[in-house]
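**Q** Quick one: structure below, then a few questions.
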Amino acid sequence: MGLPRLVCAFLLAACCCCPRVAGVPGEAEQPAPELVEVEVGSTALLKCGLSQSQGNLSHVDWFSVHKEKRTLIFRVRQGQGQSEPGEYEQRLSLQDRGATLALTQVTPQDERIFLCQGKRPRSQEYRIQLRVYKAPEEPNIQVNPLGIPVNSKEPEEVATCVGRNGYPIPQVIWYKNGRPLKEEKNRVHIQSSQTVESSGLYTLQSILKAQLVKEDKDAQFYCELNYRLPSGNHMKESREVTVPVFYPTEKVWLEVEPVGMLKEGDRVEIRCLADGNPPPHFSISKQNPSTREAEEETTNDNGVLVLEPARKEHSGRYECQGLDLDTMISLLSEPQELLVNYVSDVRVSPAAPERQEGSSLTLTCEAESSQDLEFQWLREETGQVLERGPVLQLHDLKREAGGGYRCVASVPSIPGLNRTQLVNVAIFGPPWMAFKERKVWVKENMVLNLSCEASGHPRPTISWNVNGTASEQDQDPQRVLSTLNVLVTPELLETGVECTASNDLGKNTSILFLELVNLTTLTPDSNTTTGLSTSTASPHTRANSTSTERKLPEPESRGVVIVAVIVCILVLAVLGAVLYFLYKKGKLPCRRSGKQEITLPPSRKSELVVEVKSDKLPEEMGLLQGSSGDKRAPGDQGEKYIDLRH
């Protein structure tokens with residue numbers, strides 16, 4: 001019973017297969033279509049693969065095949081093409097003498113099979129598969145701004161990657177620190193989705209979820225889009241991002257800025273740090289040196305204690321405390337010693353030394369510091385280094401030794417850490433004037449501003465011999481400057497002005513001569529002052545007598561001097577005229593050469609030369625030259641030479 005059934009089944013199968021084996025037309029297996037690849041927006045060239053004989057291409061129909069449905073889109077008759085109404089009506093044209101159909105402005109919807117069918121001499125068809133591609137835009141990555149706690153039980157969202165307007169759908173790969181991530185149960189999960197835009201392009205969105213640890217706080221994540229174009233495979237990478245990772249604090253410590261040795265006056269920051277994220281609430285305390293208990297210091301919101309300017313009192317032991325507000329666990333840092341280096345106030349002894357001329361003086365400088373000190377003594381007026389060390393010895397004191405001396409105490413190992421102290425040395429003596437005499441050029445009825453300076457110890461006082469508005473100003477403890485405003489009158493021009501400086505040891509006087517400025521006044525020399533005030537001479541140019549007073553010369557004596565000068569000039573002029581007259585008459589035994597030969601034996605001509613020098617002053621010679629018009633050579637100083645001969 002079973003055998004007949006088996007035979008019947010075999011015969012039925014043979015009958016069903018016989019027609020295909022016999023080669024019934026239209027039922028043979030079709031070859032694979034030709035592949036044509038283009039990018040969106042470009043032109044696709046669909047070349048009909050039928051026989052190239054004119055007969056085969058003169059009568060061709062083009063179809064688009066979508067979901068196994070053929071739609072006629074183009075006809076070719078006798079080499080002329082005609083589009084059929086529909087979506088391709090405006091985008092098709094013939095090329096290559098009718099062998100190629102051009103499709104412009106390709107879209108993703110054009111990805112399908114196109115078929116060309118020839119009718120003569122017999123029916124043939126050729127299939128073309130059109131593939132369309134579009135590169136996606138640069139991937140956009142967004143990190144999870146809320147961060148990820150390390151104690152999470154499930155993978156948390158790390159970042160989202162979006163690739164827009166690609167075709168077909170690109171492939172996304174996630175990377176961490178340059179290494180690709182793969183799906184891992186309870187550790188890594190990648191969730192992707194795509195959206196079809198109205199243009200037919202795809203937008204891909206991929207979400208990376210992972211469980212992170214503390215070491216991932218600096219990890220770099222990025223995504224990569226892989227896609228294909230007619231030219232081959234390509235890829236685009238996003239920027240790298242770091243996701244906030246939250247982990248508990250395990251350690252708290254202190255940092256001090258600047259690093260290195262600190263000194264008074266610096267800006268010092270004591271910063272509290274922790275290895276947790278987010279950081280705990282910080283507080284900084286300093287140990288009280290008396291009670292040895294920690295006392296909390298005032299810090300800013302970031303747990304930073306600012307010492308500005310730092311002082312010696314800021315030295316001590318500091319600690320930082322961190323309180324985790326989530327777990328309420330408190331951690332304490334290791335104590336750290338802070339040393340603010342200092343130099344105490346400098347003390348000089350004696351503080352106000354007074355000495356007699358010719359005596360000696362020893363100045364001693366003292367100071368304390370947290371480091372080794374170096375001392376040096378400087379002259380205040382010049383800055384000259386007088387001594388390196390705490391002791392300065394001054395011997396055989398002169399008046400010039402009075403004034404300021406500065407002691408500098410410094411720490412060589414810490415640049416800029418130093419203190420100084422100035423001491424003024426007073427040398428007993430009567431007043432010392434800045435100048436003895438001075439000429440001042442003035443105009444009548446003008447107000448003069450005269451000045452007079454004197455120094456000495458005890459401090460001198462200055463008085464004037466004329467009425468006016470006077471004021472004094474201390475230049476230093478032993479030097480005083482007095483100024484006087486006075487109206488120029490004829491009486492003042494006659495008497496001049498005196499300023500007198502006096503102290504317990506004597507007095508001294510400076511004289512100011514007043515001269516009217518007019519058309520006949522000669523230009524003042526370099527030692528006179530044309531302004532209304534006098535200048536102060538340096539101590540090295542002062543000429544002072546300390547126990548005598550110098551009075552202004554009487555008007556009569558000044559007139560006698562002027563008359564004597566005029567008489568001398570007249571006598572010199574007469575003498576010059578007489579000499580010139582005798583010279584022109586030949587009465588003088590000399591020529592222009594200034595030499596006269598005296599006869600001597602030839603053997604002795606070179607033995608005797610008499611030099612005769614003129615006893616006339618240079619001024620007289622100048623008068624003679626001016627009257628005769630005879631200009632002397634620059635080297636001729638009026639000397640005459642006479643050769644003696646037999």
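Each Cβ is built from the backbone N, Cα and C atoms, and glycine gets one as well.
Features from Swiss-Prot:
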type	residues	note
COMPBIAS	629-646	compositional bias 'Basic and acidic residues'
DOMAIN	244-330	domain 'Ig-like C2-type 1'
DOMAIN	335-424	domain 'Ig-like C2-type 2'
CARBOHYD	ASN56	N-linked glycosylation site
CARBOHYD	ASN418	N-linked glycosylation site
CARBOHYD	ASN449	N-linked glycosylation site
CARBOHYD	ASN467	N-linked glycosylation site
CARBOHYD	ASN508	N-linked glycosylation site
CARBOHYD	ASN518	N-linked glycosylation site
CARBOHYD	ASN527	N-linked glycosylation site
CARBOHYD	ASN544	N-linked glycosylation site
**Q** If I take the alpha carbons of ASN418 (N-linked glycosylation site) and ASN449 (N-linked glycosylation site), what is the distance between them in whole Å?
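**A** Spelling it out, the Cα of ASN418 (N-linked glycosylation site) and the Cα of ASN449 (N-linked glycosylation site) are 43 Å apart.
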**Q** Within 10 Å of the Cβ of ASN508 (N-linked glycosylation site), how many other Cβ atoms are there?
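**A** Cβ-Cβ neighbours of ASN508 (N-linked glycosylation site) within 10 Å number 24.
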**Q** On the 0 to 100 scale, where does the mean pLDDT of the domain 'Ig-like C2-type 2' (335-424) fall?
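**A** Its mean pLDDT is 95.
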**Q** Ten-angstrom check, please: count other Cβ atoms within 10 Å of the Cβ of ASN467 (N-linked glycosylation site), all chains counted.
**A** 10
**Q** Other Cβ atoms within 10 Å is the metric here; tell me which of the glycosylation sites ASN418, ASN449 scores highest.
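**A** Selected residue: ASN418.
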**Q** Expressed to the nearest Å, what is the distance separating ASN449 (N-linked glycosylation site) and ASN467 (N-linked glycosylation site) at their Cα atoms?
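**A** Cα-Cα distance, ASN449 (N-linked glycosylation site) to ASN467 (N-linked glycosylation site): 13 Å.
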**Q** What are the DSSP helix/strand/coil residue counts across the domain 'Ig-like C2-type 2' (335-424)?
**A** 3 helix, 47 strand, 40 coil
**Q** Take the C-alpha atoms of ASN467 (N-linked glycosylation site) and ASN508 (N-linked glycosylation site) and report the distance between them in angstrom, rounded.
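**A** If we compare the Cα positions of ASN467 (N-linked glycosylation site) and ASN508 (N-linked glycosylation site), the gap is 19 Å.
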**Q** Counting by DSSP, what is the helix, strand and coil composition of the domain 'Ig-like C2-type 1' (244-330)?
**A** 3 helix, 42 strand, 42 coil
